[in-house]
Amino acid sequence: MTSSSDNSHVEISVVEPPDINKNKILEIACSPNLKYVAALYENNDISLWSIVSQESQEELLTNIKTINIDNICINEEINAISDNQYKTIRKIFAISNNKQVSISLKRNNAYNFKFFDFETEKEKKLTFPDCQKEIDILSFRDNGNIIMVNAKYYRAYVFSSKEKNNIITWVCKSMIELQYFKKLYITPKGKLILFNDTINEITMWDIDNLSAKTRILIEWCHELQHIEISDDEELLVVCAEEKKYKKKNLYVFSTETGINLSSFSTKLAIDRFHLIASSKGERLLFRYTNISGKSAFNLLDPYNLKNSINANKLFENKQIQGQYIIKSDKIIYANDGEVLIKKLVDDDWVEYLRKELKDTNGITTPSKNTIDLITKIINEKNYNPPYSNEFEGKFLRWGLELDDKSVVLTVIDFNYRTNKWNPDDKKKQLEILPSLNINGNHYIIHCEVLENDVFVTITRIGVIIWTYKASNIKMLYYWNDWNDHLEKFDFEKAKLKILAENWTSGRILPASSYGTILKNLHLKFGDNELFDDFLRSHIEDEFYLTCYGKDLMKTLIEQKDDKWIRSIGTGCINKCLQDNNHLISKINLLSIIFENFNELSENHPAFIASALSLIGFVVPSTFVNPKSTSSHLSKYGRYYHLYNTSFINISTSILWDCWISFQKNFQNSFQNFKDSHPHFRDLIVKPISKFIVKPISKFIVQPVIDFYDVGHSTTILAIPLPNFVSYSKKYSPWRELVLPTPNPFTYSNKVEVINEEFYRYLNGEALLKFKWNTYGRKYYLLIWAIYTVFLCCFVIAASFYKNISQTILSILLYTTICLGIWHLFFELSQFIFSPLSYMASAWNFFDLGAILLPMISSIIWLRNNEMPTEWATFSTLLLEIKFLLFFRAIEFSGDYFSMILGVAQRGFSFLIILGFIIVAFAHSLHLLLRPTVDVSLDYPSYSDDPNDPWNLASTYNTIDPNGTIEDSSSLIEPPTATTNMFMLMGSAIAAVYIMLTGDTTPISYWDLDSDPALLILAILFSFVATVYLMNLFIGVLSN
């Protein structure tokens, strides 16, 4: 199926350039490489514009061609995913890097879109593997591929182009099942951003390897409006509306960590927003409608959304009419039917912000600029000491006051009202010379003001960046990988060079040297402990906590600093709270704690217990369902992952379409039949509905439903454990079989510590239940099924070997051996993973017995051609008991297995004590009742030993006709091994165990009246073991 089928009434014609003064531009699209722009006019004209660079570095758009397409569809809703709350518009209008355009068509065509080459005016064929005819979202990637999405089937298609003989053809590279989404966005780099409204989650997926790059949560009381992403796709801005209070909320998230960097709530009617100047000094630009009904623009620092700055001056010379696009710091907009392009961000952007827009907010410049500058200074042959006492920036003027015993850092800010620097009496100062016996005149090696007005100083204790914030001078960064007390540090240039070599540039600067800071918290800078203040500010300031919290936590764990671990943990939890309610959008901040869950559980159990108790009841929504039928701790919402489309998926969607079509056709046919046969409708349909269906529903069905109503009140809880576990993305099943890796969900050096604390709370139980219901039970049932085949093969062979042929018997035995090897291989993998743990568990030896015995029995059977009865007996016993143990994971029987195993575990030590007592009494009775002469059960010994089995055996005398017993002759019943069980120590233990049950048969052969020692031992044993200990054991188990 292709997109070129039977669209004869859709015409493409080349026309003269339209009268731009009478045509309104409805949509604008630009190519990923920003070389071409396509504009859609209200008269169905589409014009192609090319971006041309000028000598003045300005860029212009020139119109190349205009064509007209009939039957274009604009602003059509996607019915499959739109509802009263979320309305999603079909987005197909786009242009590629090679001037190919896609456009949405009205649905009376075979296809709802058109894809053609603007230069050749020919339609391009797109062949869909599943015979698709409808597309809802289309976007061109920067690598030339096309990504298309069908919302009805939640399916994505990736097409790649192939060029042969100057002809470009498109081939479907992959089909991907998206499973579910409410809104979808496609980034130029091929990331899919899906919004799941059931749990208010935004997920960014990499479509190339089908992995989730980041997961983001927004408040449940907010409705998603729109999403924007930065050019480098490192920052994500989300706009959501809180309709109850008529507020718009902006969130800025890091796509690397998923952590909410900042948020902003306003009653302004925000309708557009963009991230600009990411390479110079990033700002969030948003447009809103003011009181007079006109559009206005403001700027915010995306890392601290607090103080908005009027940015209308950016658009003074840009008469924007309707549609516009902001990309790569350029704005492409419509004006009187023309498409124009202008530079939005000035070359000297920071200067423009400070002086033209009066923006005094913080500027987070790209770390590469700062790192390159510091690296350049460090690599210079000679450091230049401060040549001046003042260093002037854009709006801060820094100063140094040096002498032998002091280094004072000063700062004055620029007053934009007076357009002058503030007077010296408003100067702020701070002593920055540490108490390390360093000459103040030689402390500063080099210093410089950066573009964003922070002050870099290379000192004899490391590299320090200072900033002016909240009317105070503060240490912003500190780098020195000494990781020891600075009293022992000798400044060397080579050490700083190594430090710079380890830096990597990113959106923000590398983390400070927290290890060195923690070792020197006591260090004084004048009267201040600047390192201590620095650490506290990085915990209290949300920006630094979100950016560097994970690095700080790892350092604290390495140094086992419980005080600061509690401080950072409390800071993370407090920032997730507002008015005693948890902020779902900030839950990812807790990943700072739970990424290190195992280490914290092992070394700081009190802290992790406290943290788990504080987040044990996180309620994302206050809604309570009074008649819910959901079970306790069942999952809420929909959870999904991306995977490649299979034949089963395609078949299922086709069959579902056929069923829906059949339903509609049947309903329509039946309705038409009723309309055309009024007598049938009035005499049959209406009476049945009125006198049968409705009464049954009202008086039978509904009362039964009400009577058996099992509904109960439920509320929704969130599991606030971001990054609690992370399975390896480089999973190899074959490597896992040979060299298994630990399961990060349960593995730890001290597993029992984690289990005891973690599963005490609902979160742990709910997480475990979710994993089991999602995929755990599938694997368990598969293992159970394979074991059942293993069991049945051997049991059938052992039970019915006389009734089956030799061929079938051989097949059963060989299958038993093969499946036994399969199970044995997994046992070997467990042993390789942890030999000591494997040997310490008795259950592993039981499993080995259940696997090895049937295998050995089968081998012996095949070799001797005769069933080894004893081997088969115990093999069957172990096999069937192990099969029974599989039921311990089933809910209806799991409690009883837990009870049985729990009681056995509790009573194990008691049974050991009881065993020692049995052995003690058995040993005593063995010494008392063993024969003093050598005896044989086959030949009489003719001794007078009372313990001789022949003397204990039953004797039979004859009776003469007169009824007199003849003593002269008698018959003796040969003794057996049970006549005197105390002859041997082993049988003596068995005899005492029998006596423990209350059976005195082992000592019934002796006359207790004539043997006081035996009488005393019998009385002691019956009281101590049978009466006292057994009743005590029953009492222990009952508790």
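Glycine is treated like the rest: Cβ placed from N, Cα and C.
The shown structure was predicted, so the numbers you read here are calculated from the model rather than taken from an experiment.
The annotation transmembrane segment is assigned in TrEMBL to 779-801, 807-826, 838-862, 868-887, 908-929, 981-1001, 1013-1037.
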Chain residues outside the transmembrane segment (981-1001) and at least six past its termini with a C-beta under 8 angstroms from it: 918-919, 921-923, 925-926, 928-931, 935, 947, 949, 1018, 1021-1022, 1025-1026, 1030
For the transmembrane segment (779-801), distant same-chain residues with Cβ under 8 A (at least six beyond the ends): 809, 812-813, 815-816, 819-820, 822-823, 854, 857-858, 861, 867, 872, 875-876, 879-880, 882-883, 886, 889
Spatial neighbours of the transmembrane segment (908-929) far in sequence, C-beta under 8 Å, 6+ residues away: 947, 980, 982, 984-985, 988-989, 991-993, 996, 1003, 1006, 1013-1014, 1017, 1020-1021, 1024-1025, 1029, 1033, 1036
Surrounding residues of the transmembrane segment (838-862) on its own chain - C-beta under 8 Å, 6+ positions past either end: 790, 794, 797-798, 810, 813-814, 816-817, 820-821, 823-824, 827, 830-831, 868, 871-872, 874-875, 878-879, 881-882
Distal contacts, the transmembrane segment (1013-1037) - CB-CB under 8 A, six or more residues away: 903, 906-907, 910, 914, 917-918, 921, 924-925, 928-929, 992, 995-996, 998, 1000, 1003, 1006
